[in-house]
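Everything on this sheet refers to the single structure shown next.
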Protein chains: 2
Amino acid sequence: MEAVKCLSGGASLEANAESVLRTITPSLDPTRHKGQAGKIAVIGGCREYTGAPYFAAISALKIGADLSHVFCTEGAATVIKSYSPELIVHPILEESYNISGVNDEGKRDISKKILSEFDKWMERFDCLVVGPGLGRDPFLLECVSKIMTRARQSNVPIVVDGDGLFLVTNSIELVSGYRLAVLTPNVNEYKRLVQKVLGCDVNDQNTHGELLSLSKQIGNVTILRKGKSDLISDGEKVQSVSIYGSTRRCGGQGDILSGSVAVFLFWARQCNSAAERESTISRTNPAVLGCIAGSALLRKAAALAFEHKKRSTLTTDIIEHLGQSLEAISLAS
Amino acid sequence: MEAVKCLSGGASLEANAESVLRTITPSLDPTRHKGQAGKIAVIGGCREYTGAPYFAAISALKIGADLSHVFCTEGAATVIKSYSPELIVHPILEESYNISGVNDEGKRDISKKILSEFDKWMERFDCLVVGPGLGRDPFLLECVSKIMTRARQSNVPIVVDGDGLFLVTNSIELVSGYRLAVLTPNVNEYKRLVQKVLGCDVNDQNTHGELLSLSKQIGNVTILRKGKSDLISDGEKVQSVSIYGSTRRCGGQGDILSGSVAVFLFWARQCNSAAERESTISRTNPAVLGCIAGSALLRKAAALAFEHKKRSTLTTDIIEHLGQSLEAISLAS
């Protein structure tokens with residue numbers, strides 16, 4: 001596939017992102033039934049955050065997933081449900097402030113119950129997004145670590161963003177060596193990751209080499225470093241996506257990206273398994289393809305929304321342009 | 001009525017679905033008062049699901065019912081009310097997790113109270129929809145079984161979908177022999193129904209014969225088997241609806257269908273009782289007519305929504321096209 005031509009080593013090549021997106025997007029076939037285009041679950045939503053998990057989950061649906069779930073705390077659930085009847089929201093997570101009177105044994109029981117409720121669903125999911133609006137409560141993060149471990153045991157891909165990256169940066173073994181994990185750090189999250197994993201500060205003179213080393217050091221986990229150009233690497237090579245984009249930096253765009261990458265990663269896996277063994281696509285890491293397509297789609301939608309709303313553009317405006325952007329990219333060739 | 005020509009036995013004929021829809025839709029008459037175009041109740045909405053009962057209930061209104069009620073748990077009620085001020089939402093159902101400290105006698109009291117609250121309303125309803133977002137909690141399902149039994153005693157028609165089908169598949173006596181019951185299984189729900197009732201796996205070589213047998217075995221209950229073509233049978237014959245439709249399989253479309261079938265079933269009954277004894281319509285099962293019309297309308301609305309939103313189409317987009325679809329079908333002849 002021409003779309004994924006690139007240089008290995010330190011240099012990077014702009015990915016033919018639109019071609020990647022077109023190649024991995026499944027055809028809409030009347031014989032397919034509900035669920036086959038993707039079942040995504042977002043783990044996030046706590047006392048403080050409800051918008052982020054909603055943005056990630058609704059974006060997955062707008063791109064073409066069939067079902068989108070959110071696992072969050074009870075208080076967050078009521079609000080997230082009320083944003084949209086399209087989502088399935090599970091109020092199962094707990095935060096310390098809510099169980100402050102409970103002793104250690106009680107907490108272990110609560111943790112077990114959370115895990116068993118999640119287990120009932122996990123095998124159905126094609127990809128998890130861990131982190132949007134997750135918060136940093138220690139008890140909650142401990143439960144989410146266990147959820148990630150279970151997902152990994154079942155080979156369910158995991159896209160990690162936001163507070164999920166805080167968790168993973170401090171417990172890198174959660175994703176280390178897992179080829180179906182994707183990290184999508186912004187500038188600050190990337191800085192912490194480099195400090196923790198490589199033990200040094202970010203070196204702007206060696207952007208590509210550093211990203212390659214970081215990915216390799218975490219066992220070839222795919223990293224999407226968000227920026228003016230998005231840089232993507234699984235430790236083998238670095239690719240960039242620079243097309244489109246907007247100069248508006250309103251919060252929430254990273255949540256659209258994580259939900260998008262989840263869907264495209266699943267589609268790339270489907271495509272990968274359907275493709276002939278010798279084709280380029282079967283040799284290309286689906287996590288990398290998912291990042292390239294997700295990055296291109298968000299950048300296109302952000303550009304279109306900005307054309308209409310300028311400085312006033314919000315994340316919901318960008319989400320409203322996901323469908324049109326997908327269509328525009330799909331039709332152009 | 002030409003619209004319901006069909007072959008008996010194993011073969012099926014495409015129903016003239018648009019003609020059925022036009023024939024059973026009541027005229028808008030200034031002398032009629034609130035309620036005469038239909039009072040529908042949806043039984044569903046629990047800890048996890050709030051979108052599904054909303055989709056079913058709001059669809060009933062958008063098609064032309066006058067009043068649409070939802071019976072659900074307290075937590076779900078707050079959210080469902082927030083989706084729309086058009087619905088009347090009764091927070092009367094209970095789930096096990098919420099009454100875990102209650103003993104058996106206490107649970108019997110709660111169950112009695114739920115039933116007596118429902119009884120106050122039941123006689124007013126023209127059709128129930130049991131299942132959208134019902135969940136699978138054993139205590140809740142036990143209460144819903146009793147509600148179904150009461151509705152049956154009062155000759156209130158019942159459309160069963162989603163987790164209502166889970167309940168009915170395990171307790172087939174709830175609907176067995178009830179000519180005013182409609183089951184609307186998707187591919188997986190149909191599979192479980194066939195396994196349980198016919199004791200075998202689905203046979204794709206004998207689709208029509210199998211559907212006929214299944215319906216007969218449940219005492220001529222009407223079954224709408226959803227798929228690329230929707231197949232409808234009351235054990236006498238099989239009819240199909242294949243017009244329109246979309247290739248998008250986002251979750252929630254089944255909820256639109258169940259709400260639609262409920263309204264059309266009621267209208268077909270009204271029409272049936274108003275028609276002359278010897279007319280074709282008075283000899284046609286209103287449950288079958290309701291399924292044909294509901295299927296056609298959903299397929300038309302899904303097609304229209306898809307024209308606009310393509311892969312990004314969600315269930316709310318389809319609901320927004322119900323009115324226009326109804327109008328288009330009503331005007332064409």
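These residue numbers are counts, starting from 1, taken along the chain as shown.
Every residue gets a Cβ built from N, Cα and C, even glycine.
TrEMBL lists A:17-329 with the feature domain 'YjeF C-terminal'. Mean model confidence of the domain 'YjeF C-terminal' (A:17-329) amounts to 95 (pLDDT, 0 to 100 scale).
A 10 Å cutoff on Cβ-Cβ distances gives A:Gly133 ((6S)-NADPHX binding site) a total of 28 other Cβ atoms nearby, all chains included. Marked as (6S)-NADPHX binding site by TrEMBL: A:Gly133, A:Asn186, A:Val187, A:Asn188, A:Glu189, A:Tyr190, A:Lys191, A:Arg192, A:Asp255.
According to TrEMBL, the ATP binding site annotation covers A:226-230, A:245-254. Counting every protein chain shown, the number of other Cβ atoms lying within 10 Å of the Cβ of A:Lys226 (ATP binding site) is 19. In the three-state DSSP scheme, A:Lys226 (ATP binding site) falls into the coil class.
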Cα of A:Glu189 ((6S)-NADPHX binding site) to Cα of A:Ser246 (ATP binding site): how many Å, rounded?
21
Looking at the binding-site residues listed here (A:Gly133, A:Val187, A:Asp255), whose Cα lies nearest to that of A:Asp230 (ATP binding site)?
A:Val187
Are there any residues in the same chain, six or more apart in sequence, whose C-beta is under 8 angstroms from the C-beta of A:Asp255 ((6S)-NADPHX binding site), and if so which?
A:Gly51, A:Ala52, A:Pro53, A:Phe55, A:Ala56, A:Ser59, A:Pro132, A:Gly133, A:Asp161, A:Gly162, A:Thr315
Other C-beta atoms that fall within 10 angstroms of the C-beta of A:Gly254 (ATP binding site):
22
To the nearest whole angstrom, what is the C-alpha distance linking A:Ser246 (ATP binding site) and A:Lys191 ((6S)-NADPHX binding site)?
23
Find, among the binding-site residues listed as A:Val187, A:Cys250, the one whose Cβ has the highest number of other Cβ atoms within 10 Å in the structure shown.
A:Cys250
With the cut-off set at 10 Å between Cβ atoms, which of these binding-site residues ends up with the most neighbours? Options: A:Lys191, A:Lys228, A:Arg248.
A:Arg248
